[in-house]
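**Student:** Pasting in a structure now, in structure tokens, and then I'll have a few things to ask.
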Amino acid sequence: MAAIRKKLVIVGDGACGKTCLLIVFSKDQFPEVYVPTVFENYVADIEVDGKQVELALWDTAGQEDYDRLRPLSYPDTDVILMCFSIDSPDSLENIPEKWTPEVKHFCPNIPIILVGNKKTAGDEHTRRELAKMKQEPVKPDDAKEMGSRIKAFGYLECSAKTKEGVREVFELASRAALQAKKTKSKSPCLLL
């Protein structure tokens, strides 16, 4: 049985865990050193609901310097992973401020999975550091509410470091991409 090919693009603030999530899923190893992404591609196979799916994983740079380069990733996208870091409330604020408008402009009608990365970041040390800035880790209810607000296909939390929830993120993304094909034929991602 031939694999069904789907393109997944991951977006979100710089250093929110996008690359780690992709590397842990595709290579089953956690990168210990942070290297800012410019543009990377990975391929991974996954079976969902009895179907073999070959996911082309397109990593993107979250930093503002790449705002003009990032749209080159969007054509022919089947599903978007829109990420924030649970230990960075600011990265959640950027979901409706920056990422949703950008994605909905270039990829109208493409399903979005909202992903809370760094699930294990709710530890005591992180809480203390955030408290110094009068902040706290993102609460699951706040993230779910954000998912509803941006009309995401779903919301999941994961930890690339412990691998908790990683496979579920890509299973849900694959399901979203497979369902979307029925309605997508007239509305592919656009590059304007």
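Cβ coordinates are placed from backbone N, Cα and C, and glycine is handled just like the others.
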**Student:** Looking at the ranges 7-15, 34-42, 151-159, which is given as motif 'Effector region' in Swiss-Prot?
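**Tutor:** It is 34-42 that Swiss-Prot describes as motif 'Effector region'.
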**Student:** Check the binding-site residues Thr60, Gln63 for other C-beta atoms within 10 angstroms of each C-beta and report the one with the most.
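**Tutor:** Counting Cβ neighbours within 10 Å, the top one is Thr60.
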**Student:** Taking only the residues in the motif 'Effector region' (34-42), give me the average pLDDT of this model.
**Tutor:** 78
**Student:** For Gly12 (GTP binding site), which residues of its chain lie six or more apart in sequence with Cβ-Cβ distance below 8 Å?
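**Tutor:** Non-local contacts for Gly12 (GTP binding site): Lys18, Gly62, Leu81, Met82, Cys83, Phe84, Ser85, Ser91, Asn94, Ile95, Trp99, Val115, Asn117.
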